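The disulfide bond annotation in TrEMBL covers Cys20-Cys32, Cys22-Cys39, Cys41-Cys50, Cys68-Cys80, Cys70-Cys87, Cys89-Cys98. Annotation source TrEMBL lists domain 'Laminin EGF-like' at 20-67, 68-114. Sequence annotations record features per position, and here TrEMBL assigns coiled coil to 186-248.
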Amino acid sequence: CDRCAPNTWQLASGTGCDPCNCNAAHSFGPSCNEFTGQCQCMPGFGGRTCSECQELFWGDPDVECRACDCDPRGIETPQCDQSTGQCVCVEGVEGPRCDKCTRGYSGVFPDCTPCHQCFALWDVIIAELTNRTHRFLEKAKALKISGVIGPYRETVDSVERKVSEIKDILAQSPAAEPLKNIGNLFEEAEKLIKDVTEMMAQVEVKLSDTTSQSNSTAKELDSLQTEAESLDNTVKELAEQLEFIKNSDIRGALDSITKYFQMSLEAEERVNASTAEPNSTVEQSALMRDRVEDVMMERESQFKEKQEEQARLLDELAGKLQSLDLSAAAEMTCGTPPGASCSETECGGPNCRTDEGEKKCGGPGCGGLVTVAHNAWQKAMDLDQDVLSALSEVEQLSKMVSEAKLRADEAKQSAEDILLKTNATKEKMDKSNEDL
């Protein structure tokens, strides 16, 4: 028991010998070297079990084996990859044949020298930017497929389910009919308010007309006042004239007395026409005031009746609202626990208000529709902001990549110029050598 049995090998493993497993079609027999396990391959085949192409060849041995085409100046070993034919390149060299300088190296193959150390740092940044760009593009593709609300579809579906449940509760609840009646009362109250508003507008128009007429009457009264003052002055002048007559010539005074007497009669007629005659200005003003007072009294009575009717309807409406049981709707909408008052819960309710007088419904820790909808809206806004930020970063990355490409193109152009100059120098040297 000091050696392997026929067609086995690897005694040194300490766990027993392994089968040779030589390829029957590509080897001369089932036996192999008891130390290396190498089978005896036919020409054109290789590998330990003769299942591969022979050394310095690659491909499928059952189809075709091809010779490795490697540049000896850039390889570590003459054997290429058995499956792909890729040559094994030394550091700084790349390509299927290992005949080009790799990224991060400059020069003309085979004289490849490492680039400046700043290139490595720049290359890491470019790689990171490229990866981030790919991630953003994948995210954008996902958003195209699922839409912006895709990540929050479950939340949106939950909101829709709760809305449907509330609709069912309202449809089946005994409060549905009172709510309908309340809606009718609201419509009737709005109609009453509209009628009262129209009546008030008509009263305002009439009052405006009356005010205009009153202003006209006031002007006429002012004119009469002016005439009265003029008459008063005339009377004073007559008194002075009479006093003067007593002490002056009687004939001349008689003419003056006759003249001023006629003026007094005319003034008296004008005053009587303004005050005592039918359809005088003062009488018309009094009639107008009476009509305005009658209209105002009539409109005031109608307005009070409408107001009392409206107040009665609103009281009836308030009573029906107090009798409604909206606990189920409050729980679904605001997250209010059943039977809880406004002071006993932080979630509020339909009639709850804060200390500042603002309506309170939902909030942190409440499972109502208001809170769920607000959270969904906030998440959508956050997602929208993330998308805008991502697009901004993608635009910045694109700009940086464009700048990097521009610099790379410049470097490439510079390298090509150097290559042309080098080739020209080489041609000159070759020609000089030939001349020598």
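Every residue gets a Cβ built from N, Cα and C, even glycine.
Note that the coordinates shown come from a computational prediction; the quantities given were computed from them, not determined experimentally.
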Requested in this report: Work out how many Å separate Cys89 (disulfide bond) and Cys70 (disulfide bond) at their Cα atoms, rounded off.
Outcome: 9
Report summary line: Counting every protein chain shown, other Cβ atoms within 10 Å of the Cβ of Cys32 (disulfide bond) number 25
Report summary line: A correct count of other C-beta atoms within 10 Å of the C-beta of Cys80 (disulfide bond) gives 23
Query - Pairwise Cα distance for Cys32 (disulfide bond)/Cys70 (disulfide bond) [Å, integer] - result: 31
Query - 10 Å Cα neighbourhood of Cys20 (disulfide bond): matching disulfide-bonded residues from Cys39, Cys41, Cys68, Cys98 - result: Cys39
Query - Packing count at Cys39 (disulfide bond) (other Cβ atoms within 10 Å of its Cβ) - result: 28
Query raised in the report: Using Cα coordinates, what distance in whole Å links Cys70 (disulfide bond) and Cys80 (disulfide bond)?
Result: 8
